[in-house]
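Enquirer: Could you have a look at this structure, given as C-alpha cells, before my questions?
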Ligand code: PHE
C-alpha cells in the first residue's frame, strides 16, 4: 500500500524544496554569510551548490528513483554485485533522526518567539541577549513544551503518509512561506539600506575568504540541500519513474538558493537599517532582529510575527523530511505499519531532543557533557561533521565505482544529453569525493 503512495511531479518538487528550505536558509545562511564578509562567500557558496551540492543531489535522486525502495534496499538494488552487505549503507538514515532531535528544539525556540512577538519584544541588545539566554539555560518547562508541540506536529503529519501528509503540508506551507518572504522582501525594498544589503551580498571582499570559508560554504551547500541523510533518496523513491528527475532536482536547487538569497537580502537590509553588525553570529535571529523589530512599533510587530512564522513553516517541512527515511526503512524492510514505525522513531527523536535541550541548561549541562561537548553540540558535531560527510563520500564512491556505468548512462540520457551525463559522472567519481574528504578531514582537525 505504501509503495503505491507516490508524489505527483509538482508534489515532489515542493516536498523536496520544503525539505531543502529550512533553518539552514533563513537562520544559518545569513549569519554565516555575515561572518565571512558577504559577497565573496556568496559566490563561493553558489559554486559549491552548482558543482558539488547539485551533483550529490542528482546522485541521491538517481539511486532513489531507480530503486523505488528504502535507503538500505536502494543501495543493494543499485549495486553492480547486488551484494547484501550494501544494506549497511542504510546507517545514514539515522543522522536524520539525530538532527531532528535538536532541530525540533531550535524550532521550539522559534515558536516561542512567535508568541513573544504578539506581546513586547526586547528593546535593546542586552535585554534581548538575556531573554534568549534565560530561555535556553533556565526555562526547561517552556522548552519542553515547545519541543513537544513541534514534535507532535511532525508526528501528526508523517502519520498520514507521503501523499496525504507530506505532499499536502508542503502544498500549503511552501506557497505561504513564499508569500511571506515576498512581502518582507517588498518591505525591505522600501528601506534605504536595501542597496547596501545588495552590495554587501554581491560585491566580493576576497580578503575574508580562506580555507575555513571554503569549507563553511561546502558544508552549508550540503546541509541546505538536505544531503547525506537519505532524505532526497527517500523522497525520490516515491517519485514515479517516468518523471524527469534531473529537471526536478535543478528546480529544487534553484528554489532553495533563491530563498537563501532572499532571506539574506531581507535580513541584511533590516540589520543595516538599524545600524547593526552583519557579523552577529547565531544570535542574529534571536537577539539582533527582535531588537530591530521592537524599534519599529506596530509595523515591527507585524513583521516580527510574519518572520518567525515563516521560519516555523520552513522548519516544519524540513523536519518531516528528516524522519521519513527511517519510517520508510522500517515499513519496507520490516513490514512495520506506518503507525508503529512512527511511534518508534517519533519517541526516539523526541526523547533525544529532551536530552539535547537539558544539556544546554545550567542545571544539567555538567552531567550531559561528553568528550568535552554538551549533548546538543555533540549531536550536531556527530551528524554534520562525521555522519553526513561520510554518507556523501559513500554515495559518490558507490556510484562511481560500484554501480554499472551503462545503467546510470541509460537513466540519465533518457532526460539529458550524453555530455551532461559525462560531466556529472566525472564530478561524482573524482572531484566531489576529493572535495568532501578534504572537508571531512579538516573538520576533524586532521588536515
Ligand atoms: N535543508 C534543511 C535546512 O536547510 C535541513 C535538513 C538537513 C533537512 C538534512 C533534511 C535533511 O534547514
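A Cβ is built for glycine as well, from the same backbone N, Cα and C atoms used for every other residue.
Nobody curates TrEMBL annotations by hand; they come from automatic prediction.
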Enquirer: From the ranges 120-139, 140-159, grab the one TrEMBL calls transmembrane segment.
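Expert: It is 140-159 that TrEMBL describes as transmembrane segment.
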Enquirer: With contact taken as 3 or more Cβ pairs under 8 angstroms (pairs 6 or more apart in sequence), are the transmembrane segment (381-403) and the transmembrane segment (171-191) in contact?
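Expert: Not in contact, no.
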Enquirer: Are there three or more C-beta pairs under 8 angstroms joining the transmembrane segment (341-361) and the transmembrane segment (249-272), sequence spacing 6 or more?
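Expert: No, the transmembrane segment (249-272) and the transmembrane segment (341-361) are not in contact.
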Enquirer: Would you kindly list the residues that approach the transmembrane segment (211-237) from elsewhere in its chain, counting only those six or more residues past its ends and only Cβ-Cβ distances under 8 Å?
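Expert: 7, 12, 15-16, 19-20, 22, 24-25, 28-29, 32, 36, 40-41, 44-45, 47-49, 52-54, 56-57, 60-65, 67-71, 74, 90, 92-93, 95-96, 99, 245, 252-253, 256, 260, 318, 321-322, 324-325, 328, 383-384, 387-392, 395, 435-436, 438-439, 442-443.
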Enquirer: Are there three or more C-beta pairs under 8 angstroms joining the transmembrane segment (39-59) and the transmembrane segment (423-441), sequence spacing 6 or more?
Expert: yes
Enquirer: Would the transmembrane segment (39-59) count as touching the transmembrane segment (292-320), i.e. at least 3 C-beta pairs under 8 angstroms with sequence separation of 6+?
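Expert: No, the transmembrane segment (292-320) does not contact the transmembrane segment (39-59).
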Enquirer: What parts of the chain pack near the transmembrane segment (39-59), using Cβ distances under 8 Å and only residues at least 6 beyond its ends?
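Expert: Same-chain contacts beyond the flanks: 29, 32-33, 199-206, 208-209, 213-214, 216-218, 220-222, 224-225, 227-228, 232, 245-246, 249-250, 252-253, 256-257, 261, 264, 392, 395-396, 399, 424, 427-428, 431-432, 435-436.
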